[in-house]
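Chemist: According to Swiss-Prot, the record shows the following:
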- Lys101, Ser102, Ser103, Leu104, Gly105, Arg106, Asp119, Thr127, Leu128, Glu129, Gln148, Tyr162, Gln174: dCTP binding site (BINDING)
- Gly116, Phe117: site 'Important for bifunctional activity' (SITE)
- Glu129: active site, proton donor/acceptor (ACT_SITE)
- 169-191: region 'Disordered' (REGION)
Amino acid sequence: MLLSDKDIRAEIDAGRVRIDPYDPSMVQPSSIDVRLDRYFRVFENHRYPHIDPAVEQPDLTRTVEPEGDEAFILHPGEFVLASTYEVISLPDDLASRLEGKSSLGRLGLVTHSTAGFIDPGFSGHVTLELSNLATLPIKLWPGMKIGQLCLFKLTSSAEFPYGSERYESRYQGQRGPTASRSFQNFHRTQV
């Protein structure tokens, strides 16, 4: 069940959903807007001949931060990691989906490539996978609205929520845009 604005506010007021910093004006009819932080992870395309999700490649990305009040420029065809300004914390019986903002999508900005789902129990900044599909560069201003979180009520609490010992939960508590840790639990079935 998708939560309405009334239900979102009630979950935040009860302390079950934490959004820090919280701005009540960001609550929409069935979502809550999130803003862009000021840190970006850009890919160092010359460090490796290819990306291998089975292998740790620590120099694949590096963190950059725009100076002062400057924007980050995302060029056509470019892909970078960023994160929400807000820290998001979910209880064991709510999951979330990060969706892009329609107005930004109409400019060619993709907010997340594939990983828009946030498990119950997650706590941290949400990493964004930003791509520019437009033919012109896009200015990304730290603090601008970048997406919206939709909250979903589970039929029951997760038995093993994100952050529990059963799962490695390698992104729990992440700060800023976090590089892929796919090598930590890489699985391949012989076919």
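Any Cβ shown, glycine's included, is placed from N, Cα and C.
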Chemist: If you draw a 10 Å sphere around the Cβ of Phe117 (site 'Important for bifunctional activity'), how many other Cβ atoms fall inside it, taking every protein chain shown into account?
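Modeler: Total other Cβ atoms inside 10 Å, all chains included: 12.
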Chemist: About how far apart, in whole Å, are the alpha carbons (Cα) of Gly105 (dCTP binding site) and the residue listed as 'active site, proton donor/acceptor'?
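Modeler: With distance taken Cα to Cα, the residue listed as 'active site, proton donor/acceptor' is 13 Å from Gly105 (dCTP binding site).
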Chemist: Cα distance, Leu128 (dCTP binding site) to Gly116 (site 'Important for bifunctional activity'), nearest Å?
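Modeler: If we compare the Cα positions of Gly116 (site 'Important for bifunctional activity') and Leu128 (dCTP binding site), the gap is 8 Å.
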Chemist: Counting Cβ atoms within 10 Å of each candidate's own Cβ, which of the recorded positions Gly105, Gly116 comes out highest?
Modeler: Gly116
Chemist: What three-state class does DSSP give Gly105 (dCTP binding site)?
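Modeler: Reduced to three states, the DSSP call for Gly105 (dCTP binding site) is helix.
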Chemist: In sequence order, which residues at least six apart in the same chain have a CB under 8 Å from the CB of Lys101 (dCTP binding site)?
Modeler: Asp33, Thr111, Lys145, Ile146, Gly147, Gln148
